[in-house]
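Here's what TrEMBL has on this protein:
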BINDING   207, 208, 251  Mg(2+) 2 binding site
BINDING   207, 251  Mg(2+) 1 binding site
BINDING   207-212, 249-251, 295, 850, 930-932, 937-941, 977  ATP binding site
COMPBIAS  393-408  compositional bias 'Polar residues'
DOMAIN    202-329  domain 'Guanylate cyclase'
DOMAIN    798-943  domain 'Guanylate cyclase'
REGION    393-415  region 'Disordered'
REGION    1047-1067  region 'Disordered'
TRANSMEM  33-52  transmembrane segment
TRANSMEM  64-94  transmembrane segment
TRANSMEM  114-133  transmembrane segment
TRANSMEM  498-516  transmembrane segment
TRANSMEM  528-551  transmembrane segment
TRANSMEM  571-595  transmembrane segment
TRANSMEM  652-670  transmembrane segment
TRANSMEM  677-698  transmembrane segment
TRANSMEM  710-731  transmembrane segment
């Protein structure tokens, strides 16, 4: 039988952790068959024992029946309906009726039958209680996993959207590094700078020629929309040709190839990009019905790539070669790709070129010793992987289309197809084949649901994989991680105190069954009833929190505090276990005492009986019987003295001991080590009483049972020891399962926390790249088209430009400056200190727009929460403009402090203007937030035409700021193209008689739709000069139609787009 049990149990492990589907299916079949086979084998074993015994009594297998009825519910992996209504009931009736049916002429069979029914039913009830507790625990674990996975997937979806948005603005390596450093404190003297130098990088500048001519015919929103659609095409081309888009300045677009990831074909890819951009501009020609064109310049060299400052990060490139690339564009021709000889050296003959003589048109190119060329022909066409896929599809279709109509259609397309990105090519190909692109929303939801189910299944499989805890626990099943072990000790499953009801039930059953089959003495009932009071009190106070809706709040709160203290709840469980265990042991002692005090047997005969055991002899077969232990006179006296209403069955105390061990085994508050210690101790104590204290009573029971082969006291003791060992194994298994579930929950919580931390870090980075309301717009509208436009008009906004005109003299790419990196490190300190001012409460409504080289741009009044009355006074409507002036003054103080610490003499040149603007995002695939309008252009003009150390404003701005107490010095008339001669003023300071401006509270401005951007003229090239080249070259302004040509710190605006006119979309 033992071999059969082991064989069936071993079958359950076949294919359990296999990854092969066939073995997994076989394991599922075994899970259905083997548990039933084990149950059937145990019933047959039980019945065979009954049948094969020459003499049998209802007490002989009672302990085994109690244990079997409990283990049926606890160990068999079967559903409750099948288990409870079929196997459980059958087991109960077999274990109850079979021993009675085959018992001999025992007295008081009905009493024993009733006692057996009560004890076996109690064991089954405890088994059912444990079954329901286990099912509830598994269900809670499943629901928690489901809920955690749902939250985790939502977090991951949000995090993925944030990641996409973040990586569309910042390169991956920069974003990862910044995310790692987020929240960490640095002990370095300088603030963290994310800047790296890259050699052999091709830089492309592209500008729309003739855009000024069409800008005055469109409204601001339409103009932004047109640019957005065009630059979205450029972004797709950048993805196709592996370009990294750097920045958009007005109608100027520039990108690089070869950084941050090096690639040998960087120049080739750049030229392909430029040629495709020239073709893509036909879209604007058709849309605007205007002869606009693209002018593209490409140069190859070294760049410093990274970000500056602490807010509104924008990835940018800095170096002399960047400025030269800008000059390549400005000295080129419309519709042509203009390259330098440095770039030509990397083309490997894949393009035909002709001399462009750009060095004759641009002095800086001549000084740098560059020769320039125009691309005339593509020798080796570019073929993307997607295009190859389309060609393969077309080849297949050609076999199904004998007339070649599909190919003819595709071949008949004009050259504009070359500018389309891979997605558009695939779309055209799919439509031509009659296929549907994309899926409906219902199908998307179905895909998400299937994905969720699969991930939930994977999570549950992962939990099953945790069943092997050997790596995480020691031999005593304690977690090796002390913190994890401490958390497990404190952790409590809901309703974990309910198994204590089993102990209370067992103590109550003691009263009932003992009344039927044990001597009915007062001392016995006092011993049984006395422990009920403390057990009931401890059980009630422990389980009260599980019935919060049914009990007074006071009891529930006391119960929670009681169970929250680990030591107290464990001590209470130990007290309950010891109480029910020792109560039965004491009952054994009282059993003997009762027999003596009732004078059923004299004291001397008791002593004589106990003493004769050592002198016992065995019969011829070597079997010890009651006749050898008891003298004939004693046996006869007992038979005559014991009344029929008094039943002396001491084996019931041991059988009841099995029920006590079961009640102790299911207590959830104790670890398996504590349970094992209690089980073995109580079982050993019972065995001691059986063998040494009650041996004469067991001998009498054996005599009444017609001399069993093995003495009942030894059978009972063996039963207790086997039961304690089996239940100890079960207790260890239960503790193991609880630890598996706990560790799995911990890991799920950690994964959710990790995902949430990633989301928070991405959110912090995204909000530092885009304004909060803009970032939320992009992250919430996950189903939007990539080319959707975001724009918002504001009627009353203040704009500030602040530059350091003498930084160009400071910048150099000498070795001592680490090729310019140390100069940029200093600039990073300055911009970071400027950004730090935005953290101050009084400047919370000021938004940093961007930095262009050493020029800082900010705005006030861009607040969706502003709500003002139409008749509000100027001091209320324009209070944010006064705060912007205070911010400008703080910028001067911050730079002065830096000068004192670094022994430098940098100064700020600032310009402020006010009026309506349009704010929006250009390039939704790579969002670039900016503001446009005449207000921005004039503010830039105020800065570029001002003087170092001063803040220049227009007369209208001066009139608004005077009520706030600011004093001004009239400068005179300043020529502003498109506006004529403007009267301007220098801000002197603030009179002490006026109140300080107060930062406006959060208010909503329902911005009016601004009309078409007012026309302005282009700025001179001398407006803001920050050339990286040390040579001072007197050059005339090379106008770039639609956008000003100004020089900045060798980045996107270097020599091409002036800081303010970079914002201009119109002349």
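Any Cβ shown, glycine's included, is placed from N, Cα and C.
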In the same chain, which residue numbers or ranges, 6 or more beyond the ends of the transmembrane segment (498-516), come under 8 angstroms Cβ to Cβ?
111-112, 114-115, 118-119, 122, 125-126, 129-130, 133, 524-525, 528-529, 531-532, 535-536, 538-539, 542-543, 546, 573, 576-577, 579-580, 583-584, 587, 652, 656, 659-660, 662-664, 666-669
Take the transmembrane segment (64-94) and find every residue of the same chain, 6 or more past its ends, with a Cβ under 8 Å from one of its Cβ atoms.
31, 35-36, 38-39, 42-43, 46-47, 116, 119-124, 126-128, 130-131, 134-135, 655, 658-659, 662, 719, 723, 726, 730
For the domain 'Guanylate cyclase' (798-943), provide the mean pLDDT of the predicted model.
85
Go through 295, 941, the listed binding-site residues, and name the one with the sparsest Cβ surroundings, counting other Cβ atoms within 10 Å.
295
C-alpha spacing of residue 249 (ATP binding site) relative to residue 208 (Mg(2+) 2 binding site), in angstrom:
11
Rounded to the nearest Å, what's the C-alpha distance separating residue 931 (ATP binding site) and residue 207 (Mg(2+) 2 binding site)? Just drop the number here, would you?
19
How far is it from residue 295 (ATP binding site) to residue 207 (Mg(2+) 2 binding site), counting Cα to Cα, in Å?
5
Composition by DSSP (helix, strand, coil) of residues within the domain 'Guanylate cyclase' (798-943):
65 helix, 39 strand, 42 coil
State the residues, same chain only, that lie 6 or more residues beyond the ends of the transmembrane segment (710-731) and have a CB under 8 A from a CB inside it; answer 'none' if no residue qualifies.
59-60, 63-64, 67, 71, 74-75, 624, 650-651, 654-655, 657-658, 661-662, 664-665, 672, 675-676, 679-680, 682-683, 686-687, 690-691, 694-695, 698-699, 701-702
Around residue 251 (Mg(2+) 2 binding site), how many other C-beta atoms are within 10 angstroms of its C-beta?
30
What are the DSSP helix, strand and coil residue counts for the domain 'Guanylate cyclase' (202-329)?
58 helix, 38 strand, 32 coil
What does the structure give for the C-alpha distance between residue 210 (ATP binding site) and residue 251 (Mg(2+) 2 binding site)? Integer Å is fine.
10
Separation of alpha carbons, residue 251 (Mg(2+) 2 binding site) and residue 941 (ATP binding site) (Å):
18
Here the binding-site residues are 249, 931, 938; which one has the lowest number of other Cβ atoms no more than 10 Å from its Cβ?
931
